[in-house]
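Worksheet for the structure shown next.
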Amino acid sequence: MKIIFAGTPEFARVALERLLAAGAEVPLVLTQPDRPAGRGMKLQASPVKQCALAHGIAVAQPRGLRLDGRYAEDAAAARAALEAAGADAMVVAAYGLILPQWVLDLPRLGCLNIHASLLPRWRGAAPIHRAIEAGDAETGVTIMQMDAGLDTGAMLLIEKTAIAPRETTATLHDRLADLGGRLIVEAMELAACGGLAATPQPAEGVTYAHKIEKAESAIDWKLPAAAIDRRVRAFDPFPGASTQCSAETIKVWGCEPLQVPPPEGAQPGEILQVDDAGVDVACGGPDGAAGVLRLTVLQRAGGKRLPVGDFLRGHPLAPGMVLGGGAGA
C-alpha cells in the first residue's frame, strides 16, 4: 500500500518513522515550507522534512493547497505530485494546512488523521495543551477519517492514556506521539485487509482546543493556585507562563499548589515566603478555592531555567513583593 504523508513537527515525524519502520511505501511527503528559527533566524527544515530526506523520500512544500487561492501555483504543483504518486491513502499529522476537498477525495482510501485527543473532546489546534489546562484525567489519540469539517470525521481507532498529576505538554506530547505512531501503523494494517471500521463521532461532549496564543502566558494571580499550576504545565514548553516583578519578566516552569489558604489580607500575587525550597505566592479564587502556589523553577529573560535556590542568588525576591501581569519573554 502506497501512503502519502503530510505533517510538519516532531509529533508527525514520530509517526512517519513508525510507518517506514513497518515497511510502508511512502513515495511523497508534504510538509510546511522551511521557516526561520534559532538565534540566527536561519531557515530550518521541519522535522518531517529532515526525516523524509534522510530516507530518500520526495518532499513537497506548498504554501497553500487551494487551487483558487493565493498560492494557486503551489497547489497545482502539489496536485500534480500527489496524482503522480498514485497513493492509496494519505496520513495527516499536525500538517498545518487545511486540506481542500480535492485532496480529501484523491487517495482511494481517503485521508487519515492522527489527532492527539479523545474525539470529540478537544477538536482543533492545541488538544494536548488544553487537556492539561482543563485538568483532564485522561486523554489519548484518535485515528480519524478526515472530512471537510474541523476534526469532525468518523473515528477509526482510539486509545486512552492517563494524564499524570505533574504532566506537562512536553512530556504528554512525547507519549502521545509514540501512541499515535503505533496506532497509525495498526490502522494501515487493518485498512490493507479491509478491517478498518468507521464510527461517527458522538454529538455530545464536543469541545474545541483553540490555538495557544503567546498573550496567554501572563499568569493571572486572581485564579486559584491549582488553576495556575495547570496553566504552567500546559504552557511548557510554549509559550511558557510568565509574571512581572517590577519591570522584569520572570517565567515560571515549575510550581506546586500548597494545601493551605493564603493569610488573611494577602493580595493575589503577593510573595509570602522565600527560601531555597520555593517562593510562596498568594493566589485568588472563590471562597475555598484560593490558595498558595510555591514556585520552584524560574527563568529570567534571556537566561536559563534554574531551580529556585539558584535563581534567588542572582535575583533576590522578598516577602511583600507583589507579582503581576506578565508577558512572554
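Cβ atoms here come from the backbone N, Cα and C positions, even for glycine.
Computed from a predicted structure; not experimentally measured.
Record features (Swiss-Prot):
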- S117, L118, L119, P120: (6S)-5,6,7,8-tetrahydrofolate binding site (BINDING)
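Those residues of the chain, other than S117, L118, L119, P120, with a C-beta within 8 angstroms of the mean position of the (6S)-5,6,7,8-tetrahydrofolate site C-beta atoms are H115, R121, W122, R123, P127, G140, T142, D151, I158, Q201, G205. Among the binding-site residues L118, L119, the residue whose Cβ has the fewest other Cβ atoms within 10 Å is L118. Mapped onto three states, the DSSP output places L118 ((6S)-5,6,7,8-tetrahydrofolate binding site) in coil. Between the binding-site residues S117, P120, the minimum number of other C-beta atoms within 10 Å of a residue's C-beta occurs at P120.
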